[in-house]
Every structure is written in C-alpha cells, then in structure tokens.
Amino acid sequence: MVSSRKCVFLVFLCMVVLLNPKSTKAKDIDGRKPLLIGTCIEFPTEKCNKTCIESNFAGGKCVHIGQSLDFVCVCFPKYYI
C-alpha cells in the first residue's frame with residue numbers, strides 16, 4: 001500500500017514537472033545544486049548539454065534515476081575556487 005502511494009506521488013510529481021512550461025528552461029537558483037530540467041526524450045544528450053551551458057551551468061548530462069524513471073537531463077553547476 002505504501003509503495004503504491006509513493007508511485008502515485010512520483011507520477012504526479014513527474015507530470016507537474018513535465019507539464020510546467022517554465023521547467024524546460026534551466027535556471028541557476030544558487031549555482032550550487034544540480035538541476036533536473038526534463039526527460040532526455042525532450043532534451044536529447046546534445047540539447048541537454050547545450051541548454052545547460054546556455055543557462056549558466058557547467059554542462060548537462062542525461063542520467064538514469066531509479067527504476068521507475070527514464071533518463072532525465074540534469075544540469076551541473078559551475079564551481080568557483
């Protein structure tokens with residue numbers, strides 16, 4: 001019962017992220033945390049990296065998160081020393 005509630009919550013969360021048009025453009029919130037911007041179907045590897053770089057991140061990569069989710073585009077922050 002608990003796992004089905006988690007599944008429903010994750011599906012709902014994914015739908016909100018995917019249906020929100022503002023979530024498709026990466027935003028540098030504080031420049032320190034990786035940011036998930038969408039699925040790799042929406043952002044193929046080349047477009048994922050390019051979108052992240054254009055949004056002031058160091059780069060982006062399609063990564064697999066968990067068993068129930070497909071590959072998602074994650075932007076990695078720039079670190080300044």
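Placement of Cβ uses the backbone N, Cα and C atoms for every residue, glycine included.
Residues annotated as signal peptide in Swiss-Prot: 1-26.
Long-range neighbours of CYS40 (disulfide bond) (same chain, six or more residues apart, CB within less than 8 Å of its CB): CYS48, CYS62, ASP70, PHE71, VAL72, CYS73. Under the DSSP three-state reduction, CYS40 (disulfide bond) is assigned to coil, being neither helix nor strand. Per Swiss-Prot, disulfide bond is recorded for CYS40-CYS62 (among others).
According to DSSP, CYS73 (disulfide bond) is assigned to a strand segment. What Swiss-Prot lists as disulfide bond is CYS48-CYS73 (among others), and the listing cites similarity to another entry.
What Swiss-Prot lists as disulfide bond is CYS52-CYS75 (among others). In the three-state DSSP scheme, CYS52 (disulfide bond) falls into the helix class. The 10 Å shell around the Cβ of CYS52 (disulfide bond) contains 25 further Cβ atoms across the protein chains shown.
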Quiz item: According to DSSP, which kind of secondary structure is CYS62 (disulfide bond) found in, if we only use helix, strand and coil?
Solution: strand
Quiz item: What is the total of other Cβ atoms whose distance to the Cβ of CYS75 (disulfide bond) is within 10 Å?
Solution: 25
Practice problem: Run through the Cβ atoms and count how many others sit within 10 Å of the one on CYS62 (disulfide bond). | Solution: 19
